[in-house]
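TrEMBL has this to say about the protein:
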TRANSMEM  A:32-52  transmembrane segment
TRANSMEM  A:58-79  transmembrane segment
TRANSMEM  A:86-105  transmembrane segment
TRANSMEM  A:111-135  transmembrane segment
TRANSMEM  A:147-165  transmembrane segment
TRANSMEM  A:185-210  transmembrane segment
TRANSMEM  A:231-250  transmembrane segment
TRANSMEM  A:262-280  transmembrane segment
TRANSMEM  A:287-305  transmembrane segment
TRANSMEM  A:311-333  transmembrane segment
Amino acid sequence: MTTATASTAASVRTYRDYDRPLWQRLLLTREMAIIGLLVIVAVVATLSVRGFGQPITLTYLILDVTPILLIALPMTLIMITGEIDLSVASVVGLSSVLIGVLTQAGAPFELAIVVALVAGAIAGAVNGFLVTVVGLPSLAVTIGTLALYRGLAVGLLGTTAVTDFPEFWTDLAKMKLGGSNVPAVLLLFLVLLVVFVVLLHFTPFGRGIYAIGLSKTAARFSGVHVERTKLVLFVLSGTIAALAGVYYTLRFGSARGDNATGLELQVIAAVVLGGVSVFGGRGAIHGVIAGVLLIGILASALRLANVTSDVINIITGVLLVASVVSNSFLAWLRTKRRAPGGTARAKASAAG
Amino acid sequence: MEKTAVTKRLQAVGAAREFGILLALVIVVIAATVANPNFLFSSDGWRDLLLTPSILVLVAIGQAIVLITRNVDLSVGSILGLSAYLTGRLFIDIPGIPILAVFVAAIVFGGLLGLINGALVAYAKVPAMVITLGTLYAYRGINVLWTGSDRVNASDLPKDFLALGTGQVLWIPILTLIAIVVLVVIGWIMKNTRSGREFYAIGSDPAAAELYGLRVTRRLLIAFVSSGALAGLAGVLYTARYGTVNSQAGAGWELDAVGAAVIGGVAITGGVGSVWGAAIGAVLLLTINRALPILGIPDFWQRAVVGVLIIGAIVLDRVLAVRQKRKLIAAREDD
């Protein structure tokens, strides 16, 4: 993780971007490449995989990717600031267990949901506190809280599962809009999507997020509240992970300590695929949505085509590596083409 | 004069980051032994104490090398799984194959998988976290594809090989001896050789290392190859120890390995820590797992304790670093 060289590379790229005409800036981006790939995969899948285009498949697709879509929203913002939250899947498990434990104890279900969401917010605040106030690297902190929150979840329920939930709520999680096949949970996601798009792309807070990712020091000198911004993002991440936990529990009608184990890696893979740099400072919500959907549609279509989940794993991994390596490869090609004789700049960037 | 040198030495030992974690380990072992003497004094207890962590120690050493260069290797669990299955397959498909050949094959295989990680990281200049997250999926996928619903059973393996997993020399299990030898050799290299010191230099400041003329690319490749090769060796030992290998062997080990290194004082931001610390961290992690039920705490809480431990260790590191910085500033003002 060579931070120094990467940040100069990022600033050079941004600078160069503004030399280009507007259409190039809009169309030749990482995000558009992923959206293009998404469209191609969707069309090919609809044409070649029997049953993929059917409404019921799309219903399940939406139900399946919803937790990842939800958690990816705050994760995008956190990663643009250059931090990461590996504890999200553990928060999903913890909120699921809290709902289970409270339901078992006979508490009203509405109360259980509120408690789960508050617990998620607290879990996020703990991450944020350790990262911003104590000043620890978020990768290490959230590996610790990944174990801690999962441990609390498993400790509270052991290996038992709570499966007895009010029908009203479990039906709500799977309810479809009107007579259509569109799950109602999509509305919840759309509302949050609008909130996050406005927050990131249309507010000073959002510009601050990019500024922090490009240079923390510069951001601070320009009046961005670096610590406060990060703290807010971690609280948001915890709360939404808990919300995803509520949904997960209701959808499968089962509260277990090991619910959603390993989901954090799927979320991060989707976010990175969608064009967010782990160095921070780069990324956009539309790319991330495309990244999540790309992985979701691939998995769903391949499963329908009787391809086993292992091949899906290989494809996910190779896609992830290829998508990040292709950027470096294209940059290398560009420097070669621009300076066939080998100017000083090309030599410098080749050596760098 | 002699005495002050000795006290200085002792003070240095006490101040070392590894000492705190070793102390924690000793406390856990003593507490568990007081609660139930069998924890340490029965032959099974003693053996488990040494044997269980040996495999994770190897993976954690590799992870520490990579972390010291300011990178991370999330694919180690998948590499372990693949080489564990390779070990089983070699014994099944080539009857009478020498055990040593299997060891070499698995280590080379793991090293090659590590080389892929290293090459992608070093040449494409892409963050190791993303690359190894990708190869975590890819290697595991290949593993499941290769294994299918098949599995290696103890009955497929030669008795001599299985004896390695349970055998001991004097009172020390063979697997533990292997881990100790590896630890001593790599610990010595990291501390005393030029190439070892360069890992630290690269992790402390990659740009400066490059300007200074260190061969950063080569060192990064070596770090990832070492991590892969050690995961490969761990895969062989895994097979020897457990006898059964399915497609999920080593799943989730990447977080344990990173956790062990972090507990042992290896900074995720590079340039700080030692393979000794990582090894002790690994032992502590797994010893707690066994100690909890004995101390009357259901082992469901194990992960929570591990989480608190990881957070405690990094907070402690931070406190020590801040104090050191203050001391250095004070020393400068005194001049």
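A Cβ is built for glycine as well, from the same backbone N, Cα and C atoms used for every other residue.
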| field | Chain residues outside the transmembrane segment (A:231-250) and at least six past its termini with a C-beta under 8 angstroms from it | value | 66-67, 70-71, 73-75, 77-78, 81, 83, 85, 87-89, 91-96, 99-100, 113, 116-117, 119-125, 127-129, 131-132, 165, 169-170, 172-174, 185, 188, 192, 209, 259-260
| query | To the transmembrane segment (A:58-79), which of A:32-52, A:111-135, A:287-305 is linked by the most Cβ pairs under 8 Å? | reply | A:287-305
| query | When each of A:32-52, A:147-165, A:185-210, A:262-280, A:311-333 is checked against the transmembrane segment (A:86-105) for Cβ pairs under 8 Å, which one has the most? | reply | A:147-165
| query | By Cβ distance under 8 Å, which residues at least 6 away from the ends of the transmembrane segment (A:287-305) in the same chain are close to it? | reply | 29-31, 34-35, 37-38, 41-42, 45, 48-52, 57, 60-61, 64-65, 68-69, 72-73, 76, 193, 266, 269-276, 311-312, 315-316, 319
